[in-house]
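Peer 1: Just passing along the structure, written as structure tokens.
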Amino acid sequence: MLKIIIPTIMLLPVTLLSPPKLLWTNTTAYSLLIASLSLQWLTPTYHPYKNLTQWTGIDQISSPLLTLSCWLLPLMIMASQNHLQHEPIVRKRIFIMTLITIQPFIILAFSTTELMLFYISFEATLIPTLILITRWGNQPERLSAGIYLLFYTLISSLPLLVAILHLHTQTGTLHLMILKLTHPVLTISWTGLLSSLALLTAFMVKAPLYGLHLWLPKAHVEAPIAGSMLLAALLLKLGGYGIMRLTMLMTPISNNLHYPFLTLALWGALMTSSICLRQTDLKSLIAYSSVSHMGLVIAASMIQTHWSFSGAMILMISHGLTSSMLFCLANTNYERTHSRILLLTRGLQPLLPLMATWWLLANLTNMALPPTTNLMAELTIMIALFNWSAFTIILTGIATLLTASYTLFMLLMTQRGVLATHITSIQNSSTREHLLMTLHIIPLLLLILKPELISGIPS
């Protein structure tokens, strides 16, 4: 565990002491090294916990998410190079340091076996994200986006703290492995119901559940590219991971508690998909699409079966890579045309033919085409939900149809159509961008060959 966390923290002096010419090279190479080291967490084992230290341990649910978070740090650094090139060297260092600071907190949040430490690192990721959005965002609206993010997260996570402390007074421990062995304290009573609700709400806002999702499109649209990748690929997964971790403790979950969440998640998947069809803003469209995907994850982790948990796990990983790749593509368009509006950036295929290939690949993975892990995950979740209640197939079916239609709408709007007159000459796509897309898509295509790695089932 420490052999990843300590090198990640030591990236900070690397950023501070690198000569200006080698700043990007050093940080990218070093973080890629850490990412390749973190792949060893994926090795399947029979033990419930690997790499167990006193406070951290890796099991089948957290190892894919940990590897994903290490994998995305070099990609975020690579994606941010272009829009920082005119900044003074001090600001570049501060930007990279903000990205690196968030990493140990995410690793701790995913790997901790103790609820209080989980809460602290869950909240600590908020501060660097807020700095990224409110300092390096593109428009002045970034301040209101930052306030939305801050208050949504803080208001929802205060009940979580109270519920964790209440759990501690009831059981005398917050260690996850001991909590699994104790008798369930959240009984069918008003206290149990309210504390279950408090435990869930913070993660529902982070995930985000439809109805509590208003901060997400704002934050995504205003964040710089690294902030968008971070939010879409890692911070939303903190919500899903928290739900999966804590619903296991809440057995028996109060029978009536998961109905409103399930209803909202599935109805929200349908609603946000139809919102996507009416979007004019490219980044906002991708942000709403991640709300609908995470709705499926929430629904799956609320019914608590083996199938639905493994489906939620696979969907979280594949959605992390897919939406991060879509944000990178939207950013390459934005850097060339300085506009996120779909009508003004249409018809780019004849100008950037290779980028059009990446757009096609990313969109096909987003709409869950075989043979991608997205398809496997969505099918697993739908079967698990259908088994739980046959009525859900109507909602999930319509949501799938709408997902395919808005994805094709996005592809046709950005790549096809008449070329707008104001973008007759734009710069070519660079090798850095192609490498970035390759590093997003290769894990997605390789994981379908061995999905047990990310399915969350002890192999």
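Placed from the backbone N, Cα and C atoms, the Cβ positions cover glycine too.
Unlike curated entries, TrEMBL annotations are predicted automatically.
In case it's useful when we look at the structure, here is the feature table from TrEMBL:
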type     : residues : note
DOMAIN   : 1-109    : domain 'NADH:ubiquinone oxidoreductase chain 4 N-terminal'
DOMAIN   : 113-403  : domain 'NADH:quinone oxidoreductase/Mrp antiporter transmembrane'
TRANSMEM : 93-110   : transmembrane segment
TRANSMEM : 116-133  : transmembrane segment
TRANSMEM : 145-167  : transmembrane segment
TRANSMEM : 187-205  : transmembrane segment
TRANSMEM : 225-244  : transmembrane segment
TRANSMEM : 256-277  : transmembrane segment
TRANSMEM : 284-303  : transmembrane segment
TRANSMEM : 309-329  : transmembrane segment
TRANSMEM : 341-361  : transmembrane segment
TRANSMEM : 381-414  : transmembrane segment
Peer 1: Which residue counts does DSSP give the domain 'NADH:ubiquinone oxidoreductase chain 4 N-terminal' (1-109) for helix, strand and coil?
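Peer 2: Within the domain 'NADH:ubiquinone oxidoreductase chain 4 N-terminal' (1-109) the tally stands at 81 helix, 3 strand, 25 coil.
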Peer 1: If we call contact 3 or more Cβ pairs under 8 Å (sequence gap 6 or more), are the transmembrane segment (284-303) and the transmembrane segment (93-110) touching?
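Peer 2: The transmembrane segment (93-110) and the transmembrane segment (284-303): touching, no.
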Peer 1: Cβ under 8 Å to the transmembrane segment (381-414), counting only same-chain residues 6 or more beyond its ends: which ones?
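Peer 2: Beyond its ends, the transmembrane segment (381-414) has Cβ neighbours at 262, 266-267, 269-270, 273-274, 276-277, 279, 282, 285-286, 289, 292, 295-297, 299-300, 303, 305, 307-308, 311-312, 315, 333, 342-343, 345-346, 348, 359-360, 363, 366-368.
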Peer 1: Cβ under 8 Å to the transmembrane segment (309-329), counting only same-chain residues 6 or more beyond its ends: which ones?
Peer 2: 61, 64-65, 68, 72, 75, 79, 220, 225, 228-229, 232-234, 236-237, 240-241, 244, 283, 286, 289-290, 293-294, 296-297, 300-301, 355, 358-359, 362-363, 365-366, 372-374, 376-381, 384, 433, 436-437, 440-441, 443-444, 447, 451, 454-457
Peer 1: So what's the average pLDDT for the domain 'NADH:ubiquinone oxidoreductase chain 4 N-terminal' (1-109)?
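Peer 2: Here the mean pLDDT over the domain 'NADH:ubiquinone oxidoreductase chain 4 N-terminal' (1-109) amounts to 93.
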Peer 1: At a C-beta cut-off of under 8 Å, are there same-chain residues at least 6 beyond the transmembrane segment (187-205) that contact it? List them, or none.
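Peer 2: The answer is 122, 152-153, 156-157, 159-160, 162-164, 166-167, 212, 215, 238-240, 242-243, 246-247, 250, 252-255, 257, 261, 298.
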